[in-house]
Amino acid sequence: MISARQLAFLILRDINRRDSYTDVAIDRALQKHPLSPPDRRFCTELVYGVVRRQRTLDCLIEQLGDRPIGKQPPDLRRIVQLGLYQLRYLDQVPASAAVNTGVDLAKANGLKGLSKVVNGMLRRYQRAEEQGKNILDQEKISLGEQYSFPDWLMELFEQTWGKAETESLCAYFNQNPSLDLRINPLKTSRVEVAQSLAELNLTTTAMAGLPQGLRLGGKTGAITQLPGFAEGWWTVQDASAQWVAQILNPQPEETIFDVCAAPGGKTTHIAELMGDQGQIYAGDRHGWRLQKLAVTQQRLGLTSIKIWEGDLTQPGVKPPVELVDRALLDVPCSGLGTLHRNPDLRWRQTPATIATLLPLQQALLKAIAPLVKSGGTLVYSTCTLNPAENEAQIERFLQDHEDWRSEPFEWTSPQGQTNSVTSGMLTILPHHHHQDGFFIANLKKA
């Protein structure tokens with residue numbers, strides 16, 4: 001059987017050679033090479049960890065190696081990154097194991113002649129650690145190198161939150177994400193789900209302000225194998241995302257339009273909040289993503305959702321409904337609030353890619369506005385912490401649409417404190433609230 005470290009190396013090589021998304025590459029490899037649950041967790045930790053800490057690890061390699069990193073074979077770099085990640089960040093791995101398995105990986109993957117290079121760099125780092133020396137001089141390296149983020153992103157965060165907040169935020173983004181469930185009240189209760197998971201020695205915590213929310217702790221294994229998944233008792237959804245439908249506050253028998261609905265987490269939440277009574281139109285321009293929504297809808301036993309494939313921003317496209325009571329616009333965004341959950345986003349997004357999202361977000365706001373009834377509600381949400389995609393978009397929309405205004409709402413923090421969001425715009429900060437970074441705006445039509 002293939003080892004967890006060997007599979008982690010193959011996945012990292014796949015990501016490098018094919019520009020694969022991390023989660024896709026991991027799923028593909030684990031389907032081909034099934035591992036035991038502990039090895040599966042270790043392999044996943046190694047891959048996500050190396051992708052997250054890539055820039056910091058490369059700084060270490062520059063200090064430890066005799067050749068510039070750009071002149072080293074990519075496969076050698078991956079093997080050394082794996083070894084350094086274990087030495088620097090995984091206390092449970094003995095240093096000797098991290099070094100010796102790194103040498104073994106080099107020999108097993110066509111780099112036998114460079115195995116001494118791997119051994120030399122890893123042992124050099126190990127000796128420095130044992131002597132209490134910090135190879136990375138905190139005064140000489142940038143914050144981006146220290147926390148493993150691109151400089152442009154650090155500058156964006158510093159301009160928005162300041163240096164101290166940025167360091168706390170980036171430290172949070174380098175941790176493993178929490179796992180939150182949303183209980184389906186049409187089939188079960190939070191207590192029943194918690195009891196079924198407790199039998200597997202999994203801990204659960206009810207989340208303040210979220211009647212359907214349950215935070216899961218412990219070694220879960222494959223999510224789809226947990227009790228209640230196949231039965232539609234629950235679905236995975238971060239606490240921040242659960243707030244979106246709650247703020248929309250849909251009522252039974254209303255007509256709702258979820259404009260960018262796939263893969264369906266918020267759509268199905270809307271249906272649950274309405275008791276599956278009403279008309280919910282779930283739109284998306286990608287049919288393959290809507291197929292995922294259909295699967296989730298069926299698993300949860302919901303019948304009030306009607307799927308519509310289309311793009312409201314395109315000329316001549318007829319919407320699936322003329323007027324709605326409420327609309328949800330969870331726009332395509334840069335995802336900068338989920339960098340702990342999607343570590344490769346920090347390397348994929350650039351100021352240029354974000355610039356292409358801004359006109360799309362504006363066009364979607366403009367397209368949905370006429371479809372909401374007078375007195376109706378529009379909730380705009382993103383999972384980013386970029387003000388240009390958040391507050392700036394809402395301020396521009398309100399300037400251009402005098403018949404719309406921000407609507408205050410109440411929000412309960414994870415600490416259980418309920419506050420009135422008088423501006424109608426909420427930013428959830430990961431390092432303060434221990435959940436995904438989100439922006440939610442509540443808008444009311446005159």
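FYI, residue positions are counted from 1 along the chain as it appears here.
Glycine residues also receive a Cβ, built from the backbone N, Cα and C atoms like all the rest.
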Co-listed S-adenosyl-L-methionine-binding residue [Swiss-Prot; alongside CYS260, ALA261, ALA262, PRO263, GLY264, GLY265, LYS266, ASP284, ASP330] among ASP276, ASP311, ASP344: ASP311
Give the distance between the Cα atoms of CYS383 (active site, nucleophile) and ASP311 (S-adenosyl-L-methionine binding site), rounded to the nearest whole Å. 21
Maximum Cα-Cα separation (Å), residues CYS260, ALA261, ALA262, PRO263, GLY264, GLY265, LYS266, ASP284, ASP311, ASP330 listed as binding S-adenosyl-L-methionine: 19
Is it possible to get the count of other C-beta atoms within 10 angstroms of the C-beta of CYS260 (S-adenosyl-L-methionine binding site)? 25
